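Here is the structure we will look at, set down as structure tokens.
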Amino acid sequence: MASLAIQTGNPEIHDHERIGHPEKTQWVLNAPEPPSLWQELMDSVRETTLFHARRFPSVKDKGSFSRTVISSLQAIFPIFCWCRNYKTAKFKKDLLAGLTLASLCIPQSIGYATLAKLDPQYGLYTSVIPPLIYAVMGTSRDIAIGPVAVVSLLLSSMIPKLEDPEANPVAYRNLVLTTTFFAGIFQASFGLFRLGFLVDFLSHAAIVGFVAGAAIVIGLQQMKGLLGITHFTNKTDVISVMEASWRAVHHSWNPHNFLLGCSFLTFILITRFVGRRNKKLFWLPAIAPLISVVLSTLLVYLTSADEHGILIIKHIKKGLNPTSFHQLQFNNPHIGEVAKIGLIVAVVALTEAIAVGRSFASIKGYRINGNQEMVAMGFMNILGSVTSCYVATGSFSRSAVNFSAGCETAMSNIVMAITVIVSLELFTRLLYFTPIAILSAIILSALPGLVDFHEAYMYGFNEQKMKNQQKMYASSFSNSYSDRNVNEEESMGKNTNQAVILDMSNLTNIDVSGIASLEELHKNLASSGKELAITNPNWQVIHKLRVANFVTKIGGRVFLTIGEAEEACLGAKMAAV
């Protein structure tokens, strides 16, 4: 009998003793189940409590206590770490990045506020307090904080089920602020109790599908502004939006809005293309939205186009963020639903922010602290909810601009926030004649970045190809095995019994796709009269293999060592002969 031992992570094949210990196999098969979600939560709370208790020594040791306080402050507020080595050269880069960021942030924030069915100034408010707090508490150098399209859509699609934003805009706004408060509470709790693993429950495929779907819905919703429609459906499903757009085209749409919006949308997309072709012109697509706002506003003002059907923003409230603590609705009859919405928004916002932060950190070669990021996001949304901000998170498009502009630290967020403060104090009156179609064009220009066509093709449109690839990979085992042993089979005869043994000692976990590949491998081997055995899987892997009934399918051939697997397979074949 010939057998092939394949190790899943270690190229070195160890020489195990071949002394049979059948009872040891039961230790693997009867491994305890992984801890439940509640147990993991309790373990995280216990570890966190002990961790913080160990950080504070006895008060008697004053020197040690002082050092611990300083180190704790640096851990909670990372700005104390990087500001010690902050130099003028870095500030110049952060200043340029922050100003470039603000030129994109101001028009986007106004547009996203309207997407969330809030007054335009709330988008600007959200670009002041949260970025300042994140700059003090966050660990990413490149992430840009503010309102984003996906979160704005989530709020505008879920909260109107509780309160109509058109019939009662004040009550709707209060529920948005309350949702922001709950989102911050959940995010801070995830970080304080080191529950970052909860975010991992969102699979990459689900995130890609959700974001792409949200981008499509957001784009359809912008038909209202692009066509100059005053009355539009509040529903977010594709059929309702397309139906409302079709009705508007035949009755109430204004071609001037459409031409104006499409013209500047084309301009923004062209500048983006130029910026990608020439990296030195990175600033061009970044300031294109602001240029569009300025030019279109002047055009409407000089030609009095608002009197000919061009819809404009009109009044934007002047001044800094007003307090909103008294607007939080903790006694609202829908408080339970608001908390659920807050949880959903918290997880989605964290997922986007951490994904963005890790992407740019990996490029620059530094690490971000996931739990600290959650704490920073949580506190900025908690404080934001009492200063008239709605849910803020890391924006991929603005973070990419921040990165391209050469930012060095989170100081670029501070520069951006200060620029927005100046705009709120001095320039809100100048935005009175800004066309709504321009805001729709700016939002539409940001949507292509939300759709990952390659991943969507792989996960959705190319499902059959993935299945074929999975079968092909299951065959980096059976086919290669056959090729490597074909001469031995010919010399020993076609009736030679053979087995493939997979050493899983270096496999930490397995998912549904991995199990499906193993099942396909088992089928391919079984069809040619060969057996499959696995050795030394850890308890998480064996638990999932048992739940998927894979252990039964391979006849319980699970062993501690390769030697035991070879002896068992060989003994069974010899007995059968």
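Here the Cβ of each residue, glycine as well, is placed from N, Cα and C on the backbone.
The transmembrane segment annotation in TrEMBL covers 95-113 (among others). Listed as Cβ neighbours of the transmembrane segment (95-113) (distance under 8 Å, sequence separation of 6 or more from its ends, same chain) are residues 119-124, 126-127, 144, 146-149, 152, 283, 286-287, 289-290, 292-293, 313, 316, 390, 395, 397-398, 401-402, 405-408, 411-416, 418-420, 423, 431, 434, 438-440, 442-443, 446.
Per TrEMBL, the feature transmembrane segment maps to 133-155 (among others).
Residues or ranges marked as transmembrane segment by TrEMBL: 175-195 (among others).
The transmembrane segment annotation in TrEMBL covers 201-220 (among others).
Look at TrEMBL and you will find 281-302 (among others) tagged as transmembrane segment.
Residues or ranges marked as transmembrane segment by TrEMBL: 341-363 (among others).
TrEMBL lists 375-393 (among others) with the feature transmembrane segment.
According to TrEMBL, the transmembrane segment annotation covers 405-424 (among others).
Marked as transmembrane segment by TrEMBL: 430-451 (among others).
The domain 'STAS' annotation in TrEMBL covers 498-569. Within the model, the domain 'STAS' (498-569) shows a mean pLDDT value of 83, rounded to a whole number.
Note on the domain 'STAS' (498-569): DSSP counts are 37 helix, 13 strand, 22 coil.
Among the stretches 133-155, 175-195, 341-363, 375-393, 405-424, the one making the largest number of Cβ pairs under 8 Å with the transmembrane segment (430-451) is 133-155.
Non-local neighbours of the transmembrane segment (405-424) in the same chain are 79, 82, 86, 90-91, 93-102, 105-106, 109, 121, 124-125, 127-129, 131-132, 134-135, 138, 140-145, 282-283, 286, 318-320; each lies 6+ residues outside the stretch with a CB under 8 Å from one of its CB atoms. The transmembrane segment (175-195) shares the most Cβ pairs under 8 Å with 375-393, out of the stretches 133-155, 341-363, 375-393.
Panel annotation: around the transmembrane segment (375-393), residues 76, 113, 116, 118, 122, 125-131, 133-134, 137-139, 145-148, 151-152, 155, 176-181, 183-192, 321-325, 328, 345-346, 349-350, 352-353 of the same chain, lying at least six beyond its termini, place a Cβ under 8 Å from a Cβ of the stretch.
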